[in-house]
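*Asks:* Structure incoming, see below.
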Amino acid sequence: MRPGTGAERGGLMVSEMESQPPSRGPGDGERRLSGSNLCSSSWVSADGFLRRRPSMGHPGMHYAPMGMHPMGQRANMPPVPHGMMPQMMPPMGGPPMGQMPGMMSSVMSGMMMSHMSQASMQPALPPGVNSMDVAAGAASGAKSMWTEHKSPDGRTYYYNTETKQSTWEKPDDLKTPAEQLLSKCPWKEYKSDSGKPYYYNSQTKESRWAKPKELEDLEGYQNTIVAGGLITKSNLHAMIKAEESSKQEECTTASTAPVPTTEIPTTMSTMAAAEAAAAVVAAAAAAAAAANANTSTTPTNTVGSVPVAPEPEVTSIVATAVDNENTVTVSTEEQAQLANTTAIQDLSGDISSNTGEEPAKQETVSDFTPKKEEEESQPAKKTYTWNTKEEAKQAFKELLKEKRVPSNASWEQAMKMIINDPRYSALAKLSEKKQAFNAYKVQTEKEEKEEARSKYKEAKESFQRFLENHEKMTSTTRYKKAEQMFGEMEVWNAISERDRLEIYEDVLFFLSKKEKEQAKQLRKRNWEALKNILDNMANVTYSTTWSEAQQYLMDNPTFAEDEELQNMDKEDALICFEEHIRALEKEEEEEKQKTLLRERRRQRKNRESFQIFLDELHEHGQLHSMSSWMELYPTISSDIRFTNMLGQPGSTALDLFKFYVEDLKARYHDEKKIIKDILKDKGFVVEVNTTFEDFVAIISSTKRSTTLDAGNIKLAFNSLLEKAEAREREREKEEARKMKRKESAFKSMLKQATPPIELDAVWEDIRERFVKEPAFEDITLESERKRIFKDFMHVLEHECQHHHSKNKKHSKKSKKHHRKRSRSRSGSESDDDDSHSKKKRQRSESHSASERSSSAESERSYKKSKKHKKKSKKRRHKSDSPESDTEREKDKKEKDRDSEKDRSRQRSESKHKSPKKKTGKDSGNWDTSGSELSEGELEKRRRTLLEQLDDDQ
């Protein structure tokens, strides 16, 4: 082959191939025709043209087994339907290595395409069947080992009779070439839940609603193959004749080294081979037409546009097959070249990663044009005319550019390169030519500098990407170590040392940031993983220690299988464990709080139940304000609600009972008012002889008594009964006072009797003297009269005895006193004085004795009344416990009054003890003035006391 023909005839440029990313495999933009008769190096590009790989494999190298996905990858299988799960189909074996003769790819393609056109695109040959045998016709009727069957639910599955395996996916043996292309496409069509189709890329994990262009091209190519018949036999023979002239020159370009030859027997006729070749050309032309219909660019030598009809290539191959009808002798290198002529080439110009070689050029099938034909087809010399000087100058510059005159060339060097061209004479003057040449040099130098700058920039970017993506590069890698590793590589030496250092520093910063981010992500991932493991470990509690947790983690299979988790930072693991323990402690505390709340709720419900139990007792009349715990304990203790109260903190059952009774007592004043209103409405008055049953009968006769407490009713009854008793005592006191007044009047009557009553007098003897007296009539009972008379006689006798004793003492004193007196005084006068003094003493003594007796009686009566008051106060305090506050105030007032009364009584007694001396009467008469005064004072005092008692009540 001539150098440069691949770039000039529409093949893929080498620079374009190098600009493509090497990481892409044949699965991105192209699909292998596996299962067909094409060689393993044949590929169909996205635009439908048959292309070949530039690298030539060794005849003995191992090719990928036929029927397998390129690059050792299996085709993406659709989601397995529900129901029967078929076994996975293992990779199928390739053809035997002894069956790799150097057969021309054109004959193989012709046989394959002829079979496809005649059989209406039947499925490709099953894997394991040699394509050379099929081309020779030795196994033309070979039966596939896969059979098609129907499942009970109507779905189709496929069974392998040799491996005894079944699969839902259609095997490559039964697929047509178009179906194989579609199956190798990474884009698959699926249905959403709503039935709308969408497309998913199994390699990039991308999904979209619109149909990808790659899938559309493959479907268009499938339709082209199915349609068929685009090239007729006449067109095919015309192409064969046109190729015969260049047959010899093509053969010379195959290989210069002699290799062993192999004879291939032909079992097909020339017409069959021609028809097969026509089918191949038709398929390629239709695919190219479909690709050109999708693009708007014109056919050029770039990657985006490919020649529409590569007839010279195909016709030459077909002509070779027709001429060598009986036997064909081909060298080993030519076999390898022809095996690679039908390689599927992607529009991006990707190079197969299996070979690892970067060829210098990418040639298409059109590179087989003979050199002689190319020289003959060169155009003859033309004559140029220029209308203006600018056009002539532009033509001269184009000449320099076409001849690729460098920017540093001298004028003499440039003349040698362009002087033979007619456009050299475009400018007549030499100065104009030199001027145009200098302008061309400036422009070319500028363009070269710009191109060098862009290439250098691209080299720096490539170097930066190389360092960033290299697996051995880290943020701690030294520059010297990197120079040792990459110093011999072109990407390292493509830039200067200064720029290399700057880029290296930037790469280290980028890698450091990247590593930090990765470490952060790894730390976060390990944190989450450890947290999940701790959450799922039931034996880790809030009281678990770190050492115990470590042992639990080592026994955990999830932790033991995760190497990254085992390499986790110990401090991070400890912090994660600490947070987990804190969460468990918080949960435990919350659980305790919930338990405490539940316990408190239970205790509260127990208290409420016991309160309801007390209400029930109150409704039945068993519990009232006067009830005691000891009385009701047998009844209360027999209830379960009392048992539930035992042992719980807070208020006990006794406390609740006391509170309940106190509440009932607090209602006493209000209920007492209601009771008084009821008694007032009924006109009932509580007397001393009123019974509690009568009182309750009167109270319960109205509806207002339903809310009254039985204890409060009893307390009200006791209060009213005490008031009735107080009234009765007051009445008795009043009668006693009246009786005392009558007695004092009777005694006065006896004292004032004339003649005076003697000490030895008898009541029956003197009774008749007082019958008509009012004092005698006031006392109706004779027995009382006798009693008063006896008392009077007893007092009279006592006074007489006291008087005689005083007279004796007085006589002795008077004698002594009489001796001291003056003798001038007469004896008669002294006698009169003595008698007069004696009378006075007798009166004073009788008066003082009566006063003492009366004061003693009054004091005794006062003490009795005071004792009675104290007893009544005690009774009131015992019975009227709710009125304790008011009673205390009343007691204070009464005490104050009593103290005042005591003071007044003491003053009166002191007055009685020292009475004024009065002018007396005769000693023989009764002196009753002193006794009368004492009785009056006593009477006044009694009246004041009675008035005070009435006021208090």
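Just so it is clear, glycine is given a Cβ too, placed from its N, Cα and C backbone atoms.
So Swiss-Prot has the following annotated:
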- 803-824: compositional bias 'Basic residues' (COMPBIAS)
- 863-878: compositional bias 'Basic residues' (COMPBIAS)
- K191: SUMO2 cross-link (CROSSLNK)
- K241: SUMO2 cross-link (CROSSLNK)
- K371: SUMO2 cross-link (CROSSLNK)
- K372: SUMO2 cross-link (CROSSLNK)
- 668-723: domain 'FF 5' (DOMAIN)
- 1-40: region 'Disordered' (REGION)
- 348-382: region 'Disordered' (REGION)
- 799-953: region 'Disordered' (REGION)
*Asks:* Can you give the mean pLDDT for the domain 'FF 5' (668-723), rounded to a whole number?
*Replies:* 87
*Asks:* Give the helix, strand or coil assignment DSSP yields for K191 (SUMO2 cross-link).
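*Replies:* Reduced to three states, the DSSP call for K191 (SUMO2 cross-link) is strand.
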*Asks:* Looking only at the domain 'FF 5' (668-723), how are its residues distributed among DSSP helix, strand and coil?
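*Replies:* DSSP composition of the domain 'FF 5' (668-723): 42 helix, 0 strand, 14 coil.
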*Asks:* Could you tally the C-beta atoms, other than its own, that fall within 10 angstroms of the C-beta of K191 (SUMO2 cross-link)?
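*Replies:* Looking across every protein chain shown, the total is 9.
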